[in-house]
Amino acid sequence: MSVHIGAKETEIAESILLPGDPLRAKYIAENFLEGAMLYNEVRGMYGYTGTYKGKRVSVQGTGMGIPSISIYTHELIHQYGVKQLIRVGSCGGVQQNIKIRDVILAMTASTDSSVNRLGFKGMDYAPAGSFELLQKAYSEAAKKGMDVHVGGVFTSDTFYNDDPDRIKLLNDYRILAIEMETSALYTIAAKAKVQALSILTVSDHIVTGEETSAAERQNTFNEMIEIALETVVH
Ligand SMILES: O=P(O)(O)O[C@H]1O[C@H](CO)[C@@H](O)[C@H]1O
Ligand SMILES: O=c1cc[nH]c(=O)[nH]1
């Protein structure tokens with residue numbers, strides 16, 4: 001057991017999917033994994049281990065924001081020996097060519113969080129996803145005929161932000177979408193020398209205000225989940 005995860009040492013697989021929402025973890029376990037066993041209920045942050053196409057895979061909710069995902073990834077890597085971490089999250093589209101329901105593979109994650117600056121003695125660090133996982137995810141998506149966007153995302157410490165200049169700035173620098181965890185995931189994984197990737201579904205568009213319905217979200221989340229699981233088994 002770790003401080004926030006109630007699993008025994010051997011109950012978590014080396015490859016894990018990380019949704020922010022614990023109920024998305026339950027949904028993935030119940031609909032995509034065979035023989036899924038619930039290993040964590042501490043704080044309602046569900047974690048399950050099962051198999052996908054014969055390979056042992058876990059799925060763990062991380063909560064929202066950098067502090068929360070940092071706790072779970074730290075414990076998963078350092079106390080449970082997890083080696084491959086794939087976030088399966090939602091995000092807000094920024095560029096005009098990004099449409100709701102699109103899937104994004106996050107190559108890099110810029111951020112307004114000061115966590116990395118504190119750790120890097122005032123210097124800027126460039127959090128990047130695992131090239132191997134990115135390449136596999138891209139090719140698995142292509143095999144399924146799914147169009148995905150690949151590029152930089154922005155990890156924000158705030159969900160509600162009404163500064164209009166911020167969106168223009170992100171747009172000018174070709175940021176594809178905003179979410180709240182990837183910068184921390186990539187930084188923690190890099191230091192621990194393990195692989196990480198964020199696969200994101202656009203749930204709403206920050207500029208146009210378009211939104212998905214709950215049913216639409218579920219179906220498009222399925223595409224992202226399938227890409228993540230195929231990436232893990234190939
Ligand atoms: O859908 P998840 O994975 O939680 O991701 C996004 O949704 C939450 C905000 O609603 C933040 O955690 C953001 O990163
Ligand atoms: O706009 C959005 C949508 C999902 N997640 C975010 O962080 N922002």
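Keep in mind that glycine also has a Cβ here, set from the backbone N, Cα and C atoms.
Going by TrEMBL, these are the annotated features:
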- H4, E179, M180, E181, S203, D204: purine D-ribonucleoside binding site (BINDING)
- 16-226: domain 'Nucleoside phosphorylase' (DOMAIN)
- G20, R24, R43, R87, V88, G89, S90: phosphate binding site (BINDING)
- D204: active site, proton donor (ACT_SITE)
- R217: site 'Important for catalytic activity' (SITE)
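Under a cutoff of 8 A between CB atoms, and with a sequence separation of 6+ in the same chain, the neighbours of S203 (purine D-ribonucleoside binding site) are S90, C91, G92, I100, E211, T212, R217. Among the binding-site residues H4, E179, E181, D204, the ones whose Cα sits within 10 Å of the Cα of R43 (phosphate binding site) are H4. Checked against ligand 1, the recorded positions G89, S90, E179, M180, E181, R217 give G89, S90, E179, M180, E181 in sequence order as having a Cβ less than 6 Å away from one of its atoms.
Counting other Cβ atoms within 10 Å of each Cβ, the lowest count among the binding-site residues R24, R87 belongs to R24. Annotation note: G20 (phosphate binding site) sits in a coil segment as assigned by DSSP. Between the alpha carbons (Cα) of G20 (phosphate binding site) and E181 (purine D-ribonucleoside binding site) lies a span of roughly 8 Å.
Taking a Cβ distance under 6 Å to any atom of ligand 2 as the criterion, the binding-site residues H4, G20, V88, S90 reduce to S90. Of the residues the record lists as binding purine D-ribonucleoside, namely H4, E179, M180, E181, S203, D204, the two whose Cα atoms sit farthest apart are 31 Å from each other. For the binding-site residues E179, E181, D204, counting C-beta atoms within 10 A of each C-beta gives the highest total at E181. Of all residue pairs in the phosphate-binding list (G20, R24, R43, R87, V88, G89, S90), the one with the greatest Cα separation is 21 Å apart. Within 10 Å of R87 (phosphate binding site), counting C-alpha to C-alpha distances, fall the following of the binding-site residues H4, E179, M180, E181: E181.
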